[in-house]
Amino acid sequence: MNIIDELSWRGLINQSTDLEALREEASTPITLYCGFDPTGPSLHAGHLVPLLMLRRFQQAGHNPIVLAGGATGMIGDPRDVGERTMNSADTVSDWAERISGQLSRFVDFDGEHAARLVNNAEWTNEMSVVTFLRDVGKHFSLNTMLARDTVKRRLESDGISYTEFSYMLLQANDYVELNKRFGCTLQVGGGDQWGNIVSGVDLNRRVNGTSVHAVTVPLVTDSDGKKFGKSTGGGSLWLDPEMTSPYAWYQYFINASDADVIRYLRWFTFLTQEELAELEVEVAERPFKREAQRRLAREMTNLVHGTEATEAVELAAQALFGRAELRDLDEKTLAASVSETAVAEIKAGEPRTIIDLLVASGLADSKGAAKRAVKEGGAYVNNERIESDDWEPFAEDLLHGSWLVLRRGKKNFAGVQILG
């Protein structure tokens, strides 16, 4: 199957230049690229669809280039509201290096169609202002640039600086450089990048006399129109395990709605049409089993964190519900799993009966409610039912020397860390 047909049935083509011409060109190996500006210390879930596009093309026998925006990251693509914070050169350079280190999970840098990593600071930082204005700026119509939706919205509100206004030119020039240096003839990117990408297509025609292509992927939202990739705490869902734990990552995907899960499986995984059709039947006929959600969470955690982390996360989920031993969890996984709910810290000398712990952890809003939970048999510590109001933990009850997992009823969890 031609890679363009593969992308089409997955619903991954949002906008494109001449798709038939690209399909014909992609019948033999092409070179393509996607750029990522280091606007933070890690890639996040929103980067995955365009990044995985590179992997899909590579698996189909094409040659991907990953561009780290060491120069464009100093400027920032204009957003709908307000100027971006200008980060220091050292910060952007550090972030670019950290992001570069995450890429090997997604594209292969060895073999016949090895991916290439480039940084646009290499050519942008060497360009003088006069050269930029003469060789790049003269090819852009101010009318066209002002017609861009984001620019229009900014001009109607708080305005836009020349710095951000010129971002489009820098990105377009990247495409020209990659075409000159490596014969790159396709840029892929997010749907919000269409204006920048087609500017690069046009600049290649004017400067290099070449016909190149552009494809954007859909912006990922859930069925309610909410932005994809925000964690339960409201922050970004980072690919760095130190910023978003594998447990939190897994939980995000296992909680996908029935309305979203098949679309996410098409866009984020490499499952076949046949496998996806079977899971679609599961969602329609047996949604309570959440088989598609489990498959999505497993595939995504394997992809980003590896199979060992996935196994640890799934063991943690089972242990919280009493289907595996909490003591079998390593401390990092245990802490991450309970931190998704609430964690109470109990210092030396503070009362620590089961009643105190239930109130401190937020599982009971009063001592009276805590006592009722114990009396009704609904209070658990480390999956053991507590039957006495005056129960206190002994040293041997503490997981990894300091942790307790509290549960009220079947599904309400909290962590307690004993500090002294």
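Quick reminder: no glycine exception, Cβ is built from N, Cα and C everywhere.
Around the Cβ of Y167 (L-tyrosine binding site), the number of neighbouring Cβ atoms within 10 Å comes to 20. DSSP assigns Y167 (L-tyrosine binding site) to a helix in the three-state reduction. Taken from Swiss-Prot, the feature L-tyrosine binding site applies to Y33, Y167, Q171, supported by sequence analysis.
What Swiss-Prot records for K230 is ATP binding site, and it gives sequence analysis as the kind of evidence.
Across the domain 'S4 RNA-binding' (352-418), DSSP assigns 19 helix, 19 strand, 29 coil. Residues or ranges marked as domain 'S4 RNA-binding' in Swiss-Prot: 352-418.
Residues or ranges marked as motif ''HIGH' region' by Swiss-Prot: 38-47. The DSSP breakdown of the motif ''HIGH' region' (38-47) into helical (H, G, I), extended (E, B) and coil residues amounts to 3 helix, 1 strand, 6 coil.
Taken from Swiss-Prot, the feature motif ''KMSKS' region' covers 227-231.
Here the binding-site residues are Y33, Q171, and the one ringed by the most other CB atoms within 10 angstroms is Q171. Here L-tyrosine is bound by Y33, Y167, Q171 per the record. The longest Cα to Cα distance in that group is 18 Å.
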